[in-house]
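Trainee: Sequence annotations record features per position, and here TrEMBL assigns active site, proton donor to E67. The substrate binding site annotation in TrEMBL covers N54, V55, E56, N57, A58, A59, Y60. The Zn(2+) binding site annotation in TrEMBL covers C65, C99, C102. The domain 'CMP/dCMP-type deaminase' annotation in TrEMBL covers 13-140.
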Amino acid sequence: MTPVSESEPMDPQTAFALLRHAREARTHAYAPYSHFPVGAALLAEDGRVFTGCNVENAAYTVGNCAERVAIGKAVSEGARRFLAIAVAGPDDSVACTPCGACRQVISEFGPDLPVVMPDGPDRYKLTNMRELLPGAFGPASLAAAREGR
């Protein structure tokens with residue numbers, strides 16, 4: 001795959017492997033309402049890959065996005081430090097960026113975390129959380145409020 005990025009470089013083999021995991025996770029999506037299956041693959045610092053898919057619900061707001069499912073799995077298994085996340089939506093020819101809520105959750109664990117998305121059959125788009133969520137609210141924001149800054 002060929003990277004398309006203004007972000008920091010990432011090993012193409014790692015990006016391709018994460019996208020493969022994200023696409024596989026996408027096949028398990030439960031998306032009977034939106035018909036918009038999404039898969040995510042999160043690479044932990046220790047080399048483990050945690051996958052997730054979106055799980056919709058008739059009460060729309062209680063559904064879970066693929067990225068948050070992957071993060072929940074990782075955290076529940078003790079992972080806290082991550083190297084990258086890949087997100088694959090229903091159409092690999094168009095990059096599928098994380099939604100706003102997922103951007104906030106991902107940023108909690110990696111404000112500079114690389115985000116890989118398919119961008120055509122043999123290409124991927126690489127960005128990072130700082131580009132996707134500039135000025136993110138995070139732990140430092142809470143500390144500043146407590147200190148009266």
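Any Cβ shown, glycine's included, is placed from N, Cα and C.
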Trainee: Among the binding-site residues V55, E56, N57, which ones place their C-alpha within 10 angstroms of the C-alpha of C65 (Zn(2+) binding site)?
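Mentor: For C65 (Zn(2+) binding site), the binding-site residues whose Cα atoms are within 10 Å come to V55, E56.
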Trainee: Can you list, in sequence order, the residues of the same chain other than N54, V55, E56, N57, A58, A59, Y60 whose CB lies within 8 Å of the CB centroid of the substrate site?
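Mentor: Leaving out the recorded residues gives Y30, Y33, V62, G63, N64.
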Trainee: Do you know which of the recorded positions E56, E67 has the most other C-beta atoms within 10 angstroms of its C-beta?
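Mentor: Of the recorded positions E56, E67, the most buried by Cβ count within 10 Å is E67.
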Trainee: Of V55, A59, Y60, C99, C102, which is closest to the residue listed as 'active site, proton donor' if I measure between C-alpha atoms? They're all binding-site residues.
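Mentor: Comparing Cα positions, the candidate nearest the residue listed as 'active site, proton donor' turns out to be C102.
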Trainee: Measure from the Cβ of C102 (Zn(2+) binding site) and count the other Cβ atoms within 10 Å, all protein chains considered.
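Mentor: So the Cβ neighbour count for C102 (Zn(2+) binding site) comes to 25.
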Trainee: Could you give the Cα-Cα distance between E56 (substrate binding site) and C102 (Zn(2+) binding site), in whole Å?
Mentor: 15
Trainee: What's the CA-CA gap between N54 (substrate binding site) and C102 (Zn(2+) binding site) in angstrom, rounded?
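Mentor: Taking the Cα atoms only, N54 (substrate binding site) lies 11 Å from C102 (Zn(2+) binding site).
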Trainee: Which residue counts does DSSP give the domain 'CMP/dCMP-type deaminase' (13-140) for helix, strand and coil?
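Mentor: DSSP composition of the domain 'CMP/dCMP-type deaminase' (13-140): 44 helix, 32 strand, 52 coil.
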Trainee: I'm trying to understand the geometry here, so how far is the Cα atom of N57 (substrate binding site) from the Cα atom of C99 (Zn(2+) binding site), in Å to the nearest whole number?
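Mentor: Cα-Cα distance, N57 (substrate binding site) to C99 (Zn(2+) binding site): 17 Å.
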Trainee: What is the separation, in Å, between the Cα atoms of C102 (Zn(2+) binding site) and Y60 (substrate binding site)?
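Mentor: Distance between the two Cα atoms comes out at 16 Å.
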Trainee: I want to check the contact list for C99 (Zn(2+) binding site): same chain, sequence separation of six or more, C-beta distance under 8 angstroms. What comes out?
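Mentor: Those within reach of C99 (Zn(2+) binding site), by Cβ under 8 Å and sequence separation of 6 or more, are C65.
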Trainee: Quick check: which same-chain residues outside C65, C99, C102 lie with their CB within 8 A of the centre of the Zn(2+) site CB atoms?
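Mentor: Near the Zn(2+) site, beyond C65, C99, C102, sit A66, E67, R68, P98, G100, A101, R103, V105.
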